[in-house]
Amino acid sequence: MNFDCIPREDLHGILCHMPKAELHIHIEGSLEPELIFELATRNRIQLPYPTIDELRAAYAFTDLQSFLDIYYAGASVLQKEADFFDMAWAYLKRAKAENVVHAEIFFDPQTHTARGIPFETVINGLDRAIRRGREELGLSASLILCFLRHLSEEDAFAALEDALPFRDKFIGVGLDSSERGNPPEKFTRVFARCRELGLRLVAHAGEEGSAEYISHSLDLLKAERIDHGVHCLDDPKLVARLVQQRIPLTVCPLSNVKLCVFPSLSAHNIGKLLAAGIAATINSDDPAYFGGYLNRNYTATFAALPGLGAKEAYQLARNSFEASFVNENIKEGWIRELDEFFTHYRENEGKWLPL
């Protein structure tokens, strides 16, 4: 496909309107301050911030741990099934408006069960929103259960046991929270059990952790997809492996800058990842906290990196479909939609028009 006819000034519209998938979104991280206050009022929870603006002002993170502290505090307003539904439904509506056609959504059950919230309350609310999204929005979505790596292996096994009666409502498991002091090998046995159960496997690695964490996630956890993974470029052998085996990375540019993984978007390595042949994707991570949903991650990144153009936009969107955990026929259908989107652009003589 020839992308030379697409001028840079048209990129913003193309990035916002092209069909795409989101593969790295923590649903608790989509909890906007307005909804936090609404749920706090509904559930009679006293927040430490008297106004929405003061809560927003508290989103001044210096590293991953300082973010996680307020992230878990915000999740405390989630008490009932309706709360989890409302949170997920708000995200799905936003995703639909941004031309996301498929989302694979992380959720952290241990954050909630530790507060005495039953697992079924969490997953039933999320699942109800996903089913409504399919019916009313035509948006495909699925759930991935994430284990909190700062907790013990025993806690992870307990979370898995809680989840098994609801096995039909999630497609896989992941590993999130702080990498420091919590290497992948801590959860080797948990992931082995999940693999036996036929669950899809992903893991956060190489965000604040080293390239070795990525290798260990692949070798020990048998992860099929790496979340973040930006430190892979520190290891040329790992890069070659990622390219050869087509192991996708779910990269989150605005998150990386907010958490000081990179000093600025102009210093981000997403362009280098693509140039190396890695199946990188762009995602929002925790959009309510990091200043942008999926389209903002695309547009801000492309604005900051002049080397990225229409070819990279197409490749990132295509990678997002190819890296998703759906059957090949569905993937091929989405890729045809993407091809038609760019073909439609060319047929209109270089003028961007929506399909």
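Heads up, the Cβ atoms here are built off N, Cα and C, so glycines get one too.
Some features that Swiss-Prot has for this protein:
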- Glu207: active site, proton donor (ACT_SITE)
- His24, His26, His204, Asp285: Zn(2+) binding site (BINDING)
- Asp286: substrate binding site (BINDING)
- His228: site 'Important for catalytic activity' (SITE)
Practice problem: Determine the Cβ neighbour count for Asp286 (substrate binding site): the number of other Cβ atoms within 10 Å of its Cβ. | Solution: 25
Quiz prompt | Residues flanking the Zn(2+) site, with Cβ no more than 8 Å from the Cβ centroid of His24, His26, His204, Asp285 and excluding those residues themselves | solution = Ile25, Gly29, Phe106, Asp176, Asp227, His228, Thr250, Cys252, Ser255, Asn283, Asp286
Exercise. Give the number of CB atoms, excluding that of His24 (Zn(2+) binding site) itself, located within 10 Å of its CB.
Key: 29
Quiz item: Which one is closest to His26 (Zn(2+) binding site) in space, judged by CA to CA distance, out of the recorded positions Glu207, His228, Asp286?
Solution: Asp286
Quiz item: In angstrom units, rounded to an integer, how far apart are the Cα atoms of His228 (site 'Important for catalytic activity') and His24 (Zn(2+) binding site)?
Solution: 9
Quiz item: Taking the Cα atoms as reference points, how far is Asp285 (Zn(2+) binding site) from Glu207 (active site, proton donor) in Å?
Solution: 12
Exercise. Check each residue in the chain of the residue listed as 'active site, proton donor' that is at least six apart in sequence and keep those whose C-beta is under 8 Å from its C-beta; list them in sequence order.
Key: Leu64, Glu179, Asp227, His228, Gly229, Val230, His231, Asn256, Leu259, Val261
Quiz item: According to DSSP, which kind of secondary structure is His24 (Zn(2+) binding site) found in, if we only use helix, strand and coil?
Solution: strand
Quiz item: Cβ distance under 8 Å to His204 (Zn(2+) binding site), same chain, sequence separation 6 or more: which residues?
Solution: Arg149, Gly174, Leu175, Asp176, Ser177, Glu179, Ile226, Asp227, His228
Quiz item: Which whole-number value in Å describes the distance between the Cα atoms of Asp286 (substrate binding site) and His24 (Zn(2+) binding site)?
Solution: 9
Exercise. State the three-class DSSP label for the residue listed as 'substrate binding site', counting H, G and I as helix, E and B as strand, and everything else as coil.
Key: coil
Exercise. Could you tally the C-beta atoms, other than its own, that fall within 10 angstroms of the C-beta of His228 (site 'Important for catalytic activity')?
Key: 28
Quiz item: In this structure, which of the binding-site residues His26, Asp285 has the fewest other Cβ atoms within 10 Å of its Cβ?
Solution: His26
Quiz item: Under DSSP, is the residue listed as 'active site, proton donor' helix, strand or coil?
Solution: coil
